[in-house]
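Annotated features in Swiss-Prot:
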{"type": "BINDING", "residues": "ASN66, MET95, TYR124, HIS163, SER185, ARG186, GLY187, ASP226, GLY227, LEU228, ARG229, GLU265, TYR292", "note": "substrate binding site"}
{"type": "BINDING", "residues": "HIS269, HIS333", "note": "Zn(2+) binding site"}
{"type": "BINDING", "residues": "CYS408, CYS411, CYS415", "note": "[4Fe-4S] cluster binding site"}
Amino acid sequence: MTQLKQARKNIITPGMKAIAKIEGLPPEFICQGVADGNIVIPANKLRKNLKLCGIGKGLSTKVNANIGTSTDFGTVESEVEKLKMAEMAGADTIMDLSTGPKINSVRQSILKNTCLPLGTVPVYQAAVEAKDRYGAMVKMTADDLFSAIESQAKEGVDFVTVHCGVTRQVIDTFKGQGRLTDIVSRGGTFTAGWMVFHQAENPLYEHFDHLLDICREYDVTLSLGDGLRPGCIADATDRAQVAELLVLGELVKRAREAEVQVMVEGPGHVPLNQIEANIRLQKSVCEDAPFYVLGPLVTDIAPGYDHITGAIGGAVAAAAGADFLCYVTPAEHLSLPDVTDVRNGVIASRIAAHAADIVKGVNGAAERDRQMAIARKKLDWDSQLNLSLDPEHAKLTRDRFKTKGKACSMCGDFCAMELAEKHLGVSVSRC
């Protein structure tokens, strides 16, 4: 019985109780959210010792870290190292996006070495194996694709990105649209390429009920991928993107009817003035399903700093109602990320998530900032470091130019707070 089915029977599962405790909310709230489909708990029934994570309405904004090999770089060991860094930096979930050699070994090692929910894009495995077996990715069969999905579900994968909304009709809309960057989603490109080669409908759409059967058996959460997400801000919110979203809205309803948990993925590259509209559109079309966004990146001209462009967009998106941020690293658009890139990406997205949680009124979010203000007024450095989002980095930065007095090295003897306390009689009790 899936979490969704139990919630509809008003059964509060241990997982729902755990999420309620983490979020500081009543278990009944979590149960109702799962039943309504606006909260998901990605948790394959075969996973053991899983650190549960609730994603959706009324909960804190979550952050995902992508890792994985490419055809040119990456090993099992390198990806496990990135995994550990992502965990240390505070990621809530992990996705393995491997496309390189030993693709199965990488995924299995990640599963073995993490207690965080793990997501994948199964078409990557199917494409890699088809290239090895048949000489070309497009020669994979529908059975190959569903076999990859089922084998990963049996291993314990908690959520899968599937590009079900890339239909023949949507492809026609895309062709008529005219884009600067065409299709930038690998999964979307694999799917569209297969459809054109075979002159056939997307098997994930045509056989969506089969996909639901697999997910229901293992309680795998569906993450409906946006294969036609915009790859530059000039392509944002175009007809192709919206056409796919309309299909995803229909599939959300079918997944819920099948008692399968489902969330929806979103753009992408979006200028600041279009982000809120994108969130509102998705929430309306997809009936308040949890929204999982990549960034969004708000400008295209900052390679090497796209963790910042993604954090800017992520903060605006989450404040407007997005529930789940996929991190962006400084290596985006340039290379495979290394361990340092992973850390910086997670931290940047966590800052965005927290900033949005203050706006959302998430339990404890604003209070943490209030406590930081009090600690700063007191020049209480231990408390400031403990309250900081990245205590290790904060301590290293402070220790670079440590002064003799209580103030930091920026102001020294001219610390505004210390002078106000001394000469104006302004005490910390006013904070």
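Every residue, even glycine, has its Cβ placed from backbone N, Cα and C.
With a 10 A radius on its CB, TYR292 (substrate binding site) counts 27 other CB atoms from all the protein chains. When the binding-site residues TYR124, GLY187, CYS415 are ranked by how far their Cα is from the Cα of HIS269 (Zn(2+) binding site), GLY187 comes first. Spacing of CYS415 ([4Fe-4S] cluster binding site) relative to ARG229 (substrate binding site) is 48 Å (Cα to Cα, whole number).
TYR292 (substrate binding site) sits 42 Å from CYS411 ([4Fe-4S] cluster binding site), counting Cα to Cα. In the three-state DSSP assignment, the secondary structure recorded for GLY187 (substrate binding site) is helix.
The secondary structure of ARG229 (substrate binding site), as reduced to three states from DSSP, is coil rather than helix or strand. Among the binding-site residues HIS333, CYS408, CYS411, the residue whose Cα lies closest in space to that of ARG229 (substrate binding site) is HIS333.
Remark: of the binding-site residues CYS408, CYS411, CYS415, the most isolated position is CYS411 (fewest other Cβ atoms within 10 Å of its Cβ).
On a Cα basis, HIS333 (Zn(2+) binding site) lies 16 Å away from GLY187 (substrate binding site). If you count neighbouring Cβ atoms within 10 Å for each of the binding-site residues HIS269, HIS333, the highest count belongs to HIS269.
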